[in-house]
Amino acid sequence: MSRPNQEQGQSDEDYRMEVHRLQKMMNNMSCAQQQRPLGLQDFSVSHALGKGAYGNVYRVRNNRDGKDYALKQILISSKNEGIPQSVLREITVMKHLAKKNHPNIVGLKSVFHIVDEQCGILKINMIMEKCDWDLHTFLRNIPRTIPEHQARHVTAQIVRGLDFLHSHSIVHRDLKPQNILLNRDQTVKLADFGLSKEHSNTTAFTTLVVTLWYRAPEVLLQSYYTSTIDMWALGCIVSEIYSRQPLFAGQDEAQQLTDIFKKWGTPTGKDWPSESVIDPKSYPIYKRKSLQELNRHMSPLAMDFVDKCLSYDRIKRISARAALNHPFMKPPVMRRVLQPLHANNK
Ligand SMILES: Nc1ncnc2c1ncn2[C@@H]1O[C@H](COP(=O)(O)OP(=O)(O)OP(=O)(O)O)[C@@H](O)[C@H]1O
Ligand SMILES: [Mg+2]
């Protein structure tokens, strides 16, 4: 395979090594799972489930076992600077997590690739368990507010998934409704680990994490962050589960911070991240609104939970482990089938 982009600082040899490493990793995985590694010829493609930054996600049927799966196909063209870090990271993280088989993390069955030498395209195929909806689609298709017990049941599973990730030193970093998958039987699975990153206690200094509306203030303020950035995102998501509207919705990073400050109050001295290079004086002092004012659909217990997720102080912000013991996590579970009226499942 020819090297994609000579100007980007990677040698032919580097790129070949990178592809070789990926091939070895995928072959090991496929061989461990069945006699002959799975290939595209084993699947019939049904329809698209979603669009990704590097490719698409399809619903497919495995002709060997007759079951339906989701195929995430990542296309890496020769114009790319080698294999993007986010792709390598997603495969590594999902492969690592697949061994543990957690009920709230989307399962990866197999990974294989096709190299189109002539077109210089590497197609990476990830075969995952297929879910019925993502939370974004689900929330926009239900006719009325989600019942309290379902909101709690969904949240509890997200927290269990996050606790599992964080206990394995993995920060999701892109937690948002589109990356939370949902099934008719009410099971919830976290997906899309393209921005996940194995972390030590504190990592830092990149703003290219967590999609804007769910992005924690310390990330927007270019400060250090920890796994609790996923808990800030969760606070925003729980509010959205009730209102079906984003809590903070800026169009760019500056607007996002302003929207947070206008609604949640400008952080005072001790809440302003000390490592931030941004001067707190550059923002007007806004008074904090109550959650009741911001979202009248939430129950008092949900408000207490969201309040603890949205602490400006990342040390005081509730961790996924502590969240497991919050009373909001202990719903009187009524098992009902999730069924948005206007959406067919995928
Ligand atoms: N296992 C699955 N079952 C059902 N639908 C899925 C599944 N995986 C992904 N999808 C759908 O496809 C969409 C895009 O998938 P995904 O989030 O993995 O891609 P992406 O956001 O572009 O990822 P990346 O950042 O790696 O490019 C999801 O929001 C969801 O609607
Ligand atoms: Mg996604």
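Note: Cβ is positioned from N, Cα and C throughout, glycine not excepted.
Sequence annotations record features per position, and here TrEMBL assigns ATP binding site to LYS72. LYS72 (ATP binding site) carries a strand DSSP state (E or B).
Under the heading domain 'Protein kinase', TrEMBL lists 43-329.
In the predicted model, the domain 'Protein kinase' (43-329) shows an average pLDDT of 89.
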